[in-house]
Number of protein chains: 2
Amino acid sequence: MKKILITNDDGIAAPGIKALTEVMHELGEIFIIAPDSAQSGMGHAITINSTLELKHIPGFLGTENAYSCTGTPVDCVKMGIHELMKTRPDLCVSGVNHGSNSSINVIYSGTMSAAVEGGIEGIPSIGFSLCDYSWDANFENIKPYIKKIALEVLEKGLPEGVILNVNFPKTDKIKGIKICRQAKAAWEEEFDKRTNPMGKEYYWLTGKFVNHDNGEDTDEWALANDYISIVPVHFDLTAYHAIQQLNNWNL
Amino acid sequence: MKKILITNDDGIAAPGIKALTEVMHELGEIFIIAPDSAQSGMGHAITINSTLELKHIPGFLGTENAYSCTGTPVDCVKMGIHELMKTRPDLCVSGVNHGSNSSINVIYSGTMSAAVEGGIEGIPSIGFSLCDYSWDANFENIKPYIKKIALEVLEKGLPEGVILNVNFPKTDKIKGIKICRQAKAAWEEEFDKRTNPMGKEYYWLTGKFVNHDNGEDTDEWALANDYISIVPVHFDLTAYHAIQQLNNWNL
């Protein structure tokens, strides 16, 4: 029976991980280890300056193998593989994230970083996200697609060092699946400056998402046109095209 | 006069940022905004579920423009550009990190993520790291190289979307600079399980770094052979080589 590690970044109580778990029960033996609180925007953070705690939650989401962890999503994957399962899972899935992890969001996303960590461990890994931030988003109509994609990965594996970033559009009428590249997009930050009751200033990070890329081969185009986007991502950050140029520098 | 934004992940009091600042004073007008505590391993984390505070530290490291921030290294870059400087710096530098950020460490590194955030903002950005974790590491003999590399970037700029990951070997006899690719390496995790005075179990993340890549064009090779490694990194995580393969899947 296939062994499947499940995590997320919205925390173990999020509806998204419940939906993902319901699908994974159909595909194998599941192990859940997810953050005990929301960890959105944690990127690839790991806990090295403090300690980690695990809480066993037997029976949660239909498995005896459910744990919450005080750490980050990446911590969860590391602990899941090396401390809980003590064996390599056949598949690592993360999500379903409440909100988009398309284009540049892949960098900030705890959901995707957990999947990338699975990939670094050499395990076929997928991050799933739904472009709907609401807590009561409808996950029902994406479940068949989650199953189809996960089954394909279980059957065919993934190229070495490649992880799938799957985003679902917020629509009842999904047109299909597109394999895409990451769109060139960015957040234009603004800081909302406030004063607390003690008179001390503090800030909230806010911002506006801006897509600078009209390419029809991008994830943003697919999602805007009611397609599911799948971007194969990797963790070799080398900008190979720049190596020759830098070799001409006077260093 | 060139405007230079300086940050790090070891915290504003770290000797590494002091060494970096001493060099940058020779190159332009500096703005320091760095975490108020150690943020190693924070990766590309941003603070979206809580608030941020700034503390002005006039005169710190020879500038009126010095601030500590309660957030992550990436938060510092965002706040530095959008809230403090209110103008785009000509250069963003991060470090000098106490410890290596070569190969896969680039993913976990707050130092490099801060530099990458500068790159996302379109600012020529460099992360500097010294392969010596000790707090009293000797930064003196790397200062001329930091200056040389920063000057070259100020003069020539960097290709769009490219950030430099510069690592210095721990040696008194640096042989020169190599432009490299990121070595294929990983951490083999182990968790050190302990019991606290109240009888509750907790864990420390530990692990062993393993280099799986003997390529002489890698950063690990350069560092092991007393060269400074420079890896051009980018934030388009698309694994382009996998797109065709996935298009042949039955999705």
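Even glycines carry a Cβ here, placed using N, Cα and C.
Features of the protein shown, as given by TrEMBL:
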type	residues	note
DOMAIN	B:4-188	domain 'Survival protein SurE-like phosphatase/nucleotidase'
BINDING	B:D9, B:D10, B:S40, B:N97	divalent metal cation binding site
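Structural mapping of features recorded in TrEMBL.
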residue : record                             : DSSP (3 states)
B:D9    : divalent metal cation binding site : coil
B:S40   : divalent metal cation binding site : coil
B:N97   : divalent metal cation binding site : strand
Which same-chain residues, if any, lie at least 6 apart from B:D10 (divalent metal cation binding site) yet have Cβ under 8 Å of it: B:G16, B:I17, B:A38, B:Q39, B:S40, B:N97, B:H98, B:T111
Chain A, Cβ under 8 Å: which of the binding-site residues B:D9, B:D10, B:S40, B:N97 qualify: B:S40
Among B:S40, B:N97 [binding-site residues], residue with fewest other Cβ within 10 Å: B:S40
Output field, divalent metal cation shell: CB within 8 Å of site CB centroid, site B:D9, B:D10, B:S40, B:N97 dropped: B:N8, B:G11, B:A14, B:G16, B:A38, B:Q39, B:P73, B:G95, B:H98, B:G99, B:S109, B:G110, B:T111
Number of other Cβ atoms within 10 Å of the Cβ of B:D9 (divalent metal cation binding site) across all protein chains: 33
